[in-house]
Each structure stands twice: as structure tokens, then as C-alpha cells.
């Protein structure tokens, strides 16, 4: 069954492909019951056979259906469609019916403008934060905030879409390493996502900070040659101030963005509402009250590494004054704890103090090889619990560990760590008929890149759209592989039609995607065959060009024959009358039989 005639749940007509995500295709659709346009997200055929992907897609439908907010793309319905594929196998494909948003993604907007004005960027982000605040209040973390997941209508309304990788916050106690996958796009990953640690709503805050950074500068906070190198920067490198790349950005907005990009979740905004408050204050010309600072009078700057940090949770912020009173008794308590801990440490080092169970500090295993990790654990009397997962990092490299480095555990305890098995094997997606921008985004989302763009003639694909790829669609490749896009020129080559019959000429023109008009003419050649054509063979012309063909209707006329005939001469003119006709004047004299003329007729 083709997409043009396919109907889901006997209600939703599936129409043209409008987008492609990491695990689903999005089609324009029509709700025949309510008579309205919809967007239909359908799990891609090659993934529909995988129970794990089916489960994840169903979870997406449940999570997204619970969200009803003007800044979130609405979900109307969901279900599963059972049909037979081209191999005769029964296939169950889940689908989600969503609001059809007329507009473009922020990715496309950035491609047009480079970067946005400060007001447009901030107005857009406040809408994104409103969507996140709502989803967080319902226990859902988006986990993949990026320009490609935000639609913008012609009137400037922003709508967040693709909560397909969001999971309930209640489920986030299981670390991401336990799922053997880091969910998200490298340029917008929070440090805790990149490290495979537990995440919560504050991870979305960091990603939203990355988004605002790109909206006002035209570039992401970190740029690298691979997703892994970018992830490393998220974890260990401070971002440059946005004003370095756009001198129009004032210090106030610099501080707001950098506060959202703090490495530690405890040091950044604790909720979407806090972030939104500071952006709105900036738009009003007021001083943003950066949350989480130690002083009630401080405007900017969260606690840095090593300083005391007031850890917030995703709850409404409490007034600053009670927190300060609380810290008055907390500081002496911390100081006492430090002194006592140091004293006990000295006693223990001199053998004057013993513990019931001997403990050791867990070593840092991340970025070590598997062999180095096992040796480090063995030397401390710890057991190794190894898991593997596909990752762009070099095979055998430790990606994450649990417990984290520095934690004290009993000798004999097991330290779990995840080792890269190397880049995942991916399939080159089918990008036929995709616009170049959509094709590029699809490849990037899959962990692939563009090698080159090559022009190619095609009668079936619109100019500027992808005809094919090299390697071809469906080819298994490693993550990071570069793909060449063959893009339609919208032109075709004119075939040789002279001498062909009318029927054969029509057939060849149809095959070439060209039109025709016939003019009957007299000429040498078999009647009904093409005598000449308006465009010569081998010429390049746009698809649909009309070719004028002169076709032989009848042979040319035969050559004209010349004949000679003899006719009687005209009577001799009479002499001028001067009197009566005399002798010798004979008006009836016979003409000369040898006088002739060319009549011009046979």
C-alpha cells in the first residue's frame, strides 16, 4: 500500500513526507472525521520490527498525550497500524497524530538569518521555557532541546515538539548508562547527560541555555570534530561569553546565558520559571536576579566550583532572607565537620584509629582503557563490573562509571563501568525528495555527515532536492561516515527523435519528462515520422519543456513538366484603311504552320 492511498485507523489519510527524525517519519495527513490537517508521526519500517523501539515509541505517545500547552505541539491521537510490507510480512507500526504547525523550525530560521535579534531570540526562548516549565510540572524531561525541535509560525509563535525521548522524572533514578545510550544531540547535551549520570529538569535548562546561545550568536557554545569531542567540552571546558561572537550582547544577557550553562546542575537555574524570570527582566531593561547566588544583593554569578552551594530542587524558590538565616548556623557546623574529619584522618593515618570495615576511594576510570581500569581496581581490592555499548569513542575506552570517582567503598566492592565497543553500525537513510537542509539535519541526527553535494539530472525530483546518496540508502556504515548527496538540477537531456514514428516519439518524450507539440509538414520521409525537432539531441532543458516536432504528413509535390505545342498564328494585322480593299488583300490567309508558342501547360 502506498503512502498516497494509506489510511490509518480508517480515519487518517497519510500524505507527503514532511520530516524525518531519529526513529520516525513525519507525514502531512488529513483527519477525514473532523476535516482538518494533521501531522502523523509513523515509526520507520526498519525499526518497527524491533520490540525495544516499539516500546519506546509507545512511551512517547503516552508522555506526549499528557501535555496540553499552547507552546507544545498538541497530540490528538495515537494507535498502531498493521499492514503487509513489500516482502509479504505483517508489520505493526505505531503512529501519533499531532497538530499540524504551519511554519519552519528554528534550525531553518537560523539558516536564513545566521542569528536572531536579541529581542526575537529572547521572546522565542521564553515560549520554549513556558513549554518546559509545563512539562516539568508533569514529571516529563524533554532531553533533546535543540533548534530542530522547535517550530516557529509566521506570527512568531514557538512550539516545542518531539517529546519522543522524554521519560518521566520518576523513572530517571535509573542512570542513562543503564540504558546503554546517551539520549540527546551532542551540541546541546548537558554535562550530566554527556557523563551518563542521573538527570532531571535542570538538564533541559542547560540545553535551553545552549539554544539561546546559538540564537544570539549563530553558533553553539562548543564546536568539535566529533560528537565525542563536543561532549567532552560540555563536561570540562567553560564556554566563551556570547558577546565574544556578537558584540551587541550586553553583559546582563551574557551572565544570564552563562548561568544557565553552569556545569553543576546545582549551580544553574533550578527551574524553567527562574530562567524565564531573568530573561523577561532583561527584556524590560531590569537587572536579572540570577538565582542561586549567595548574596541577596548579588546580581550575577552563581557559586563556582569549590564554593559553598545552596542546592535547589525543582520547586518554587524560597525567599532569600530565610536562606541566609539558615546558613548562619550551617557555616559553623560545616567548619566543625571539617576540623573533626581532619583530626580523625590524622589518627587513622597513624594507626591510632581503626574502622570496622576498610574502605578505599574509587579511582577515576573514565577515559582509561578497559585494561587500565581493571588494573586500577585490582590494585585497590575492588571488583570490576564491565558493560559495553556502541559509541563514537575508540573501542575499549571507559565512558562512565558507578560509583563516581572519589566515593569511598568497602574493599571487595564492585565498581561498574561502561566501555565503548566503537562506533555503532548505522544505515544510510533514504533521503530521496528531501530538501538539502532537511537531508543535512537528518544525517547529523543519525551521526553522519555530508561529504559533498553533486548535481544530477532527474525528471522525477524537483530542482534542489535529493535524488540519491553515495553510499546508497540502506547501506550499513559506521557512525561519522560522510555521505555524498546527489541533488536534482531539474533539467533533462533532449533525446534524438528524428526518424521516429509519432508513437515512439511520444514514448521517448514521456520517459524524458518532456512535453510535445506536432506540426504536420510535407517533406521527404515516411509519412507519420519525425522530420525535425525544435531542440537538438543532447541539449539540457528544464523538466516539462515542450519540444516542437515537425512530422511528415505527405510527400512533397512532384516536379512540374514543361511541354511545347503548336498553335495557329494570329491573323496578320490589316493595313491602315486607305480605301477599298484592293487586289492581293486576302484576310482569310492561312497561318504559318511553323509558328509556335510555349503555353506553359502540358
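All residue numbers here begin at 1 and follow the chain in the order shown.
Quick reminder: no glycine exception, Cβ is built from N, Cα and C everywhere.
Features of the protein shown, as given by TrEMBL:
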type	residues	note
BINDING	41	ATP binding site
COMPBIAS	568-578	compositional bias 'Pro residues'
DOMAIN	12-283	domain 'Protein kinase'
DOMAIN	356-421	domain 'PASTA'
DOMAIN	422-489	domain 'PASTA'
DOMAIN	490-553	domain 'PASTA'
REGION	554-602	region 'Disordered'
TRANSMEM	329-348	transmembrane segment
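Predicted-model confidence for the domain 'PASTA' (356-421) is 84, expressed as mean pLDDT. If you draw a 10 Å sphere around the CB of the residue listed as 'ATP binding site', it holds 26 other CB atoms from the protein chains shown. Counting residues of the domain 'PASTA' (356-421) by DSSP class, helix then strand then coil, yields 10 helix, 27 strand, 29 coil.
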